[in-house]
């Protein structure tokens, strides 16, 4: 017993000692260089469903040398970034929103000047990741502040705000504050536990408790939630910090059937979500893909979800099931049947018997579903179909591979068959589904398209999406707005309104109108007509607004105005996606750009640009280089190998990354749950061309806003980088106050925030800001006293010093904001509206993208100055350059370097060229005259080019008038040299380059392809594989090589050891565009690139005719590649040496799809979902799930297996063959990153091999892990780096024939199958 007492006493003393000495979270050994996060705060203000979130992170570098400071945040996928600031060394740097090409231009100039810069694209994913890193000097602090805005969607009866809480470490001051203000009142609010994953669960919200340290304070129209976890609370979740989502779920009171209408400052928002309506009956047809790609887990998950869905059908509903592959099977051919218990049980038995096999015939399946619905409506004796809503739920995991496969034909057939009477809801299961086609199908037929991610919760995803549309309450909803709207038709129509969702309409009323009438007409159950009328008066700013008691009311007008812009941009992007001609897409894109610049939103057409002075970079660089040892190799600031952050060079590297668990194809279009059925598609004839004349594009520029002189009171006229050093300070006024040096928040913790009456403008006018975490009082009562910290009155401006700040405190400055925005942005004029031009109806949002009242009138400010930019006619394409495009490469993970996104200029006019001009769009696409729904062929790959052609040197035509910058068009962008800055032209008048740059956030390219172009043209990939080594091509020469390598080599086989061959490269031969990681071609000659090196190994294998060689064997990746040898006549005088070529290459894959591709000298065959034969003489493109096969130029076959494996097979033929030459095949590994470390084979073993080139006692040798040294000699070899370019002499480490087996590690026979 005494021993136990002793242990207890020791444990107790140790516990006390740990409590007394505890100063922060335990730092693991691996994170010894991690910076200390002193504060992390998130503040969300929700006003009428529109949320503004500000995230602030403060990092301190306690180390003696500079270290990388990283700020990353998961953003909601429908959110727009509206502001970003960074404070380093007491200086605040404010990001600006620029047109994306202009931002790229700034990036180029800054990069060329040695300033740090980076850029990245936005992708439409379930969540976006914003990431930025910078080198932080020792003993300094950096403050990151990011603001974004979003409209909360109503799903299944509630709104949900998701805040990503991932600081990456334990933080002493960690806080979240969420304020929700709703005019009609809040009926329900719940805070579920922190969500550590995105997988769905069956747990109901009411069954779980809120996280500890959560405080909820409710008022009639306001709710405030605070979450301030202590270090112990954080440690109980994770020892390395919280990595979860904080959720707020709530619903509002909606008593009026017409909904909630709010009018502020000539902008209105209408929320339509009536309660208490009886559900309508529905006739639903489930169309389920049962092709071979659905085999296994996906089919089981589909059956599980369908069993639950069938059980949830109402007794009065009618339903049917169609399964399809390359054949279509209708469960009840006579039509839909009633959902009785017996019929549902019979349907489940039918589901149980479904098996996956065959190809995918999308067209026939949807036409069969249309036929079933039409037959059910016409069939007598099946009960009245009056008032029954026809729905099709279409589930597929692939793309059309059987029957009609042309997208435009499928769209036309389905559109005609459904007759705009049936709502089609498409579910894209997995990454291989053609989501673009499915989305078009749904949007054109009164529905939406959603993704189902291949996760363990796929069945719950299917069930959840069905629940959203399982209860139709109204059909053909028509909302008329009486009282005068601006630039839009006074009505909006929706196909359906489903229970638990919400329709949102945003628009502008005529100036001075004080009342807006709303008339509702819709169909209810049994086709009963529902009619209602409501009149809403405009709200004056002097009237009492809703909000939390005892606090200043939120500036609702400010939120409504920004909400209108958010909704409008989303609707314009949606309309852009649906537009069928290029001109309309250009005009819609121009309007998106105008609004994005005006409201400071980062959208697919704008970018975020931040400037960091060069002096700051040099200071950090000097400090770092000083801390480095004398023997340390420091990278140069002008290194061409990228913008990665190191201890020698400060850099900001923002990234937008999505979780790998739920990959989605890169699109940034916003989808909507319901589309306005009467919305009319704009055509080129209905919209005016850009500019004042059909040959020019008029682009306005703005003069810089004048900066008032600094006031005596100490206020700063404008927060520019030239002012005195400032830092962000917490304030309950909702602003970021610039302070003078020395007034740091951690040095002066007693700085008092402004009180509730203080109104201080935000740094960015028009953008609501929020205080830092320091000001969040987790115990502050809802009814606070005057003078206590409270919410800001957002958007209010003042030129006086805040009363809440003590005047006696020195060094505190306030901010005075001019009338116009600090950084006036150029606007692209939208076409003016004519009286006879049709308007789009008021848009509505149901659950996704809102439908808005589109206005085609420009809203340029009075100080706008127009400039005209003209372009010369695009030059005539080279007749030697073929014109058939290559399909785009599959999406691969983007490397951290921004060069993979860069492109080269396209057609730049010559000073001596024709004087005619071509109109261009804001996206760099020329608008041909007359306007046609096509794009110039320069945007696409050429027919006989597996790789993009060389860039030709051109000159830029001078400006048409003094002071106007020139423009250039984008070419089919080919990859740029690794590490080099992109060479993009500016497409809008560029502003003066700021003093420095560090952040450039660029969105994904917004393609403007017409529907027909999407089918026949393939835009080049902007994601070149990381292993490509890009070189700058010569200016002369012609890449017209026909693939006859041995003609170039000067004889059959082309001895690789003959350095002194008299046959050299022809004059003008271009260097390579990329280097293959490994290849085998010729005798056969093997060329292997040493991993992580630029060096190559060359060797020849003495094979035997008829042998089947194992080239790649990777069971883990499910890949097997073999080659069969063909005998060839020996060289004169070398009859003892056998010569062989490859005559057949066989590629077999069983993961994730089972395919066998056999390539011979005469044909190509594919076995998978059936057998298909292709001819070398017929160019062909074949796309299957996880497979792309492209035959081009009768000599090249590109084979892609998923995103990480790509091979090239060349067929060599000779016009005038000698007795030594035979037709044969060559095999090249273009992308082998998908091979596992366990890969074997003559080529596969080298992909991840631990092999190095060293200098031994006997000279250079190759050293492999646990292997003998292999002697090599440095020679030259004619290497073929590109399928369309001539071979070139290149250095190669030659392995003698007698040492080849020593290099391989096994005898030759071990590789013979």
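Backbone N, Cα and C atoms are what each Cβ position is placed from, and that goes for glycine too.
Summarising the annotation, Swiss-Prot assigns compositional bias 'Polar residues' to 623-640 (among others).
Annotation comment: Swiss-Prot describes 864-875 (among others) as compositional bias 'Polar residues'.
Annotation source Swiss-Prot lists compositional bias 'Pro residues' at 876-888.
Summarising the annotation, Swiss-Prot assigns compositional bias 'Low complexity' to 907-921.
Marked as domain 'VIT' by Swiss-Prot on the basis of sequence analysis: 24-150.
According to Swiss-Prot, the feature domain 'VWFA' maps to 283-469.
Note on residue 83 (N-linked glycosylation site): other Cβ atoms within 10 Å of its Cβ, all shown chains, come to 27. What Swiss-Prot records for 83 (among others) is N-linked glycosylation site.
Residues or ranges marked as N-linked glycosylation site in Swiss-Prot (evidence: sequence analysis): 374 (among others). Classification of residue 374 (N-linked glycosylation site) by DSSP places it within a helix. Here the Cβ of residue 374 (N-linked glycosylation site) has 17 other Cβ atoms within 10 Å, regardless of which shown protein chain they belong to.
For 540 (among others), the entry in Swiss-Prot reads N-linked glycosylation site, with the evidence type sequence analysis.
According to Swiss-Prot, the N-linked glycosylation site annotation covers 594 (among others). Classification of residue 594 (N-linked glycosylation site) by DSSP places it within a helix. Within 10 Å of the Cβ of residue 594 (N-linked glycosylation site) there are 24 other Cβ atoms, across all protein chains.
The N-linked glycosylation site annotation in Swiss-Prot covers 971 (among others).
Taken from Swiss-Prot, the feature N-linked glycosylation site covers 1231 (among others). Under the DSSP three-state reduction, residue 1231 (N-linked glycosylation site) is assigned to strand.
Swiss-Prot lists 612-644 (among others) with the feature region 'Disordered'.
According to Swiss-Prot, the region 'Disordered' annotation covers 783-817 (among others).
The region 'Disordered' feature in Swiss-Prot is assigned to 856-928 (among others).
The annotation region 'Disordered' is assigned in Swiss-Prot to 959-983 (among others).
Using a 10 Å Cβ-Cβ cutoff, residue 1231 (N-linked glycosylation site) registers 25 neighbours. Ranked by Cα separation from residue 1231 (N-linked glycosylation site), the glycosylation sites 83, 374, 594 are led by 83. In this model, the domain 'VIT' (24-150) carries an average pLDDT of 79. Note: the CA-CA distance between residue 374 (N-linked glycosylation site) and residue 594 (N-linked glycosylation site) rounds to 45 Å. In this structure, residue 83 (N-linked glycosylation site) is part of a beta strand by DSSP. Here the C-alpha separation of residue 83 (N-linked glycosylation site) and residue 594 (N-linked glycosylation site) works out to 17 Å.
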